[in-house]
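**Q** What follows is a structure written as structure tokens; I'll ask about it next.
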Amino acid sequence: MKLKFELKKKNGNARRGQLIFERGTVQTPAFMPVGTYGTVKGMTPEEVKETGAQILLGNTFHLWLRPGQEVMKMHGDLHDFMNWQGPILTDSGGFQVFSLGDIRKITEEGVHFRNPVNGDKIFMDAEKSMEIQKDLGSDIVMIFDECTPYPATHDEAKKSMEMSLRWAKRSRDHFDKLENPNNLFGIVQGGVYEDLRDVSVKGLTEIGFDGYAVGGLAVGEPKEDMHRVLEHTCPQLPEDKPRYLMGVGKPEDLVEGVRRGIDMFDCVMPTRNARNGHLFVTGGVIKIRNAAHKTDTTPLDLHCDCYTCKNYSKSYLHHLDRCNEILGARLNTIHNLRYYQRLMESIRKAIDEDRFDQFVAEFYARRNREVPPLQKDKA
């Protein structure tokens, strides 16, 4: 089913809306937990939903390698395979291919690489990505693109962006040929170069997509460059389509993305950091394995309503972490996922109440940090 995007309110550049799918409605701005292999690590779908998650991200590349398209089709699709009946967005595999480094070769046709699981030679292109994502039953399908690395010269970024545009057209054509009833998002590339981002936006909007992602950021560039590119790119994207910042990020990155007009985010950070004992709280980050928490009987965050904070102390979580108990990783993950969803809920409420700038100021004040200036404020 084609999603319906309703833009309900704006507060500066911050946007408040909703994505309406057959499988449910997603309030935006929204954060999507990452379920790489068809699971948010260590969590049942019910637990993920209880944290406030409305939509998940699945990984086309990894699910293609394991368990494969045939096993997926035996179950119906990814929703049935993992028992998550809400909306799912799948990335196209482009970023994972980018991450393979020396074991892949990119050509105009697609990408030749060795299967990191068993070493077999395999090939992925725009058409194959569209076919896999249709079999996954993705509510939002991402085009196959090349993630421009950082650093890249202007010429390198230009060639990469232009190839991604050609792949975008192939993705659109094959998506339509497959008669996929769901939704296809384009991905803006161009590295840190504003003129290349302009060309990418123009090319993608001429092809036409159901939503637009900003890709190729959070790959090593300075934060100032990410903010500058977002601030330049977002106003050029169609007002009536959702905007998705891929692979981002820290809580501060989500706030800065919303300040610049982003509606959707995803990142492994809350789950990965949870497993490493880095826990997000109102004032910043707690490293739970530090000795200072051994005798601290207070919860992680007095403002948090998650299962972990309602039932366990920092001392207990420290103990579980030091003993490498699986429960520790699970409780940490529940907390971090809930923190991210509470952050998005607070952002949505602030936009609804026309006080988003005040929210941003308070968010940074709790971290003893200055609010990063917008480009227009620097002029």
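Keep in mind that glycine also has a Cβ here, set from the backbone N, Cα and C atoms.
Marked as substrate binding site by Swiss-Prot on the basis of sequence analysis: Asp91, Ser92, Gly93, Gly94, Phe95, Asp145, Gln189, Gly216. If you look up Swiss-Prot, you'll see Asp91 marked as active site, proton acceptor, on the strength of sequence analysis. The region 'RNA binding' annotation in Swiss-Prot covers 247-253, 271-275 and is backed by sequence analysis. Residues or ranges marked as active site, nucleophile in Swiss-Prot: Asp266. Annotated Zn(2+) binding site per Swiss-Prot: Cys304, Cys306, Cys309, His335, in sequence order.
Help me picture these features in the structure, burial and contacts included.
**A** Sequence-distant neighbours of Gly94 (substrate binding site) (same chain, six or more apart, CB under 8 Å from its CB) are Ser129, Met142, Phe144, Asp145, Glu146, Cys147, Ile187, Gly215, listed in sequence order.
Around the Cβ of Asp91 (substrate binding site), a 10 Å sphere holds 31 further Cβ atoms from the protein chains shown.
For the region 'RNA binding' (247-253), the residues of the chain that approach it from at least six positions outside its boundaries are 95, 215, 217-219, 223, 226, 265-267, 269, 280, 339-340, 343, 367, judged by C-beta separation under 8 angstroms.
Proximity of Asp266 (active site, nucleophile) to non-local residues of its own chain (separation of 6 or more, Cβ distance below 8 Å) is seen for Phe31, Met32, Pro33, Val34, Leu57, Leu89, Tyr244, Met246, Gly247, Val248, given in sequence order. In the three-state DSSP reading, Asp266 (active site, nucleophile) counts as strand.
With DSSP states grouped into helix (H, G, I), strand (E, B) and coil, the region 'RNA binding' (271-275) comes out at 5 helix, 0 strand, 0 coil.
The 10 Å shell around the Cβ of Cys309 (Zn(2+) binding site) contains 23 further Cβ atoms across the protein chains shown.
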**Q** Across the region 'RNA binding' (247-253), what are the DSSP residue counts per state (helix, strand, coil)?
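**A** Taking each residue of the region 'RNA binding' (247-253) in turn, the totals are 3 helix, 1 strand, 3 coil.
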**Q** Rounded to an integer, what is the Cα-Cα distance in Å between Cys306 (Zn(2+) binding site) and Asp91 (substrate binding site)?
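**A** About 29 Å separates the two Cα atoms.
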**Q** Could you say which of the binding-site residues Cys304, Cys306 has its Cβ with the most other Cβ atoms inside 10 Å?
**A** Cys306
**Q** Between Gly93 (substrate binding site) and Cys304 (Zn(2+) binding site), how many Å separate their Cα atoms?
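**A** Just about 35 Å between their Cα atoms.
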